[in-house]
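**Q** Residues or ranges marked as active site, proton acceptor by Swiss-Prot on the basis of sequence analysis: H362. Feature annotation from Swiss-Prot assigns UDP-N-acetyl-alpha-D-glucosamine binding site to 8-11, K22, Q73, 78-79, G139, E154, N169, N227, R332, K350, Y365, N376; the stated evidence is sequence analysis. Taken from Swiss-Prot, the feature Mg(2+) binding site covers D102, N227. Under the heading acetyl-CoA binding site, Swiss-Prot lists A379, N385, Y386, S404, A422, R439. Under the heading region 'Pyrophosphorylase', Swiss-Prot lists 1-229, citing sequence analysis as support. Among the features that Swiss-Prot reports, region 'Linker' is placed at 230-250, with the record citing sequence analysis. Swiss-Prot lists 251-449 with the feature region 'N-acetyltransferase'.
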Amino acid sequence: MKLSAVILAAGKGLRMRSDLPKVAHRVAGKPIILHVIQAVKEAGIEDIVVVVGHGREVVQEICSGEKIRFVLQEQQLGTGHALMQAEAVVAPEDTILVLAGDIPLIQATSLQQLMESHRQKQATATVLSVNMQNPSGYGRILRDQQGAFLRIIEEKDANDEEKKIKEINSGIYCFCARKVFSALHSTSTRNAQGEYYLTEALELLKNQQESIGIFLSDGEEDIYGINDRVQLAQAENILRQRKNRELMLSGVSLMDPASTFIDSDVLIGHDTIILPFTIIEGNSRLGERCEIGPGTRISDSIIGSEVKIESSRLIQASVADRCNIGPFAYLRPETTLLEGVKVGDFVEIKKSTIGTGSKIPHLSYVGDATIGQGVNVGAGTITCNYDGKNKYQTVLEDRVFIGSNTNLVAPVRIGENSITGAGSTISRDVPPHTLAVERAGQKHLPRKG
């Protein structure tokens, strides 16, 4: 069977109290809808249609890196109406997986099990259901005396007895495309919400003697939807626990998982140790045998193996093997450290490349610089890279020694094996193998009083 997926993502999400569409809110490092798309792709479906409505430009921008198609639901008239918008772009012979865009906890295994159940039973439609201890807010699955599907009753339309049912509709389905779209055209808005319910199409198909299957999943956690900020925080916590467990089982040590925050797409090599109060975000990649933390935050950075980073901040930085960073270092975007570099306490580096084995031990600012191999930058060194209008380059060639409290006024180049005297302000190029000193003469004046 040819598989397509339709993700319903047109809702406003009023309870989020936000200008953003609900599916655009971030959880575990990326927007909710990207978690759903990832699960669908991991389940083996490449043909994905997203139904957009409120904030469609934002949703489309978020998904711009994905190979998906969009259809527009101008008015939010229910789940059935949302699915109908996809009729023109889904082949009638397809089997379609339908799910909401606000369920970031969904896992590919649950979707695969649903699709396999649908295939084995050769059903026209299959509903993924879950038994929940607290089913409040969910539609209930009604079965006949033989346990077969009867219908789904939405909570607002349910009576007191029906509300006692624990088996709920997850909102995730498999359908024969041609038959579900035919049934949807016969649905109405005669219900408490005044909307076109997708669940009514199931009842119509049942009345037409079509086969309706139920796949009862044990993945209660998987189907949690996000409706407000409380649920967003709960989903964040669950996804972080999953990620931490995945990393620990793959050979990464987390000294205190409860205080460690690692985004879903982060990759970390084995025998790396993550100390407490560490945050690793975005698409960061860390090698093997590193020690990170405590109190470190790394965003969208590439870290080699055997790197030590203590109490520091890294943003879009690239760090080669065996570097030593911190404490209290700040590596800003486009910073590259080659192998064996030391960046010590209270050092800020921006848009610079630091050569193999070079050291910037403490209290320095390096911006728009290229530093060669084996360079030592003394305490208090500043690259003066900005004249109020433009940024300029500083170049330190191999084996340069910069004395403490040196100001390097860019553009400037210090030739290889050269030394600057402590306290100098260097504003002209220094030839190789040179000692450069620039100081005002020292004066001794008598004290008064």
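Note: Cβ is positioned from N, Cα and C throughout, glycine not excepted.
Values in this document were obtained by computation on a predicted structure and should not be read as measured data.
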**Q** Are any of H362, Y386, S404, A422 (the recorded positions) within 10 Å of K22 (UDP-N-acetyl-alpha-D-glucosamine binding site) when you go C-alpha to C-alpha, and if so which?
**A** none
**Q** Going by DSSP, is Y386 (acetyl-CoA binding site) part of a helix, a strand, or coil?
**A** strand
**Q** Once the chains shown are all counted, how many other Cβ atoms turn up within 10 Å of the Cβ of S404 (acetyl-CoA binding site)?
**A** 17
**Q** What are the non-local neighbours of D102 (Mg(2+) binding site), defined as same-chain residues 6+ apart in sequence with CB under 8 A from its CB?
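**A** Result: A9, G11, G13, K22, V23, I32, I33, V36, G225, I226, N227.
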**Q** By DSSP, what is the split of the region 'Linker' (230-250) into helix, strand and coil residues?
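**A** Tallied per class, the region 'Linker' (230-250) gives 20 helix, 0 strand, 1 coil.
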**Q** State the count of C-beta atoms found within 10 angstroms of the C-beta of Y386 (acetyl-CoA binding site), not counting that atom itself.
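**A** Taking every protein chain into account, the count is 12.
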**Q** In Å, how large is the greatest distance between any two Cα atoms among A379, N385, Y386, S404, A422, R439, the listed binders of acetyl-CoA?
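**A** Taking every pair among A379, N385, Y386, S404, A422, R439, the longest Cα gap is 22 Å.
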**Q** For S404 (acetyl-CoA binding site), what is the secondary structure by DSSP, using just helix, strand and coil?
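**A** It is coil.
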**Q** To the nearest whole angstrom, state the Cα distance for the pair G78 (UDP-N-acetyl-alpha-D-glucosamine binding site) and Y386 (acetyl-CoA binding site).
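**A** For G78 (UDP-N-acetyl-alpha-D-glucosamine binding site) versus Y386 (acetyl-CoA binding site), the Cα atoms are 56 Å apart.
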**Q** Quick check: in three-state DSSP terms, what is K22 (UDP-N-acetyl-alpha-D-glucosamine binding site)?
**A** helix
**Q** Which residue, out of the binding-site residues R332, R439, shows the minimum number of other Cβ atoms inside 10 Å of its Cβ in this structure?
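**A** Among the binding-site residues R332, R439, the lowest count of other Cβ atoms within 10 Å belongs to R439.
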**Q** Per 10 Å Cβ neighbour count, which of the binding-site residues G78, G139 ranks highest?
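**A** Answer by Cβ density within 10 Å: G139.
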**Q** Using C-alpha atoms only, work out the spacing between R439 (acetyl-CoA binding site) and R332 (UDP-N-acetyl-alpha-D-glucosamine binding site) and round it to an integer in Å.
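**A** With distance taken Cα to Cα, R332 (UDP-N-acetyl-alpha-D-glucosamine binding site) is 32 Å from R439 (acetyl-CoA binding site).
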**Q** Please report the Cα separation of G139 (UDP-N-acetyl-alpha-D-glucosamine binding site) and H362 (active site, proton acceptor) in Å, rounded to an integer.
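**A** Between the alpha carbons of G139 (UDP-N-acetyl-alpha-D-glucosamine binding site) and H362 (active site, proton acceptor) there are 61 Å.
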**Q** Within 10 Å of each Cβ, count the other Cβ atoms and name the one among the binding-site residues N227, N385 with the highest count.
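**A** Checking each of N227, N385, the winner is N385.
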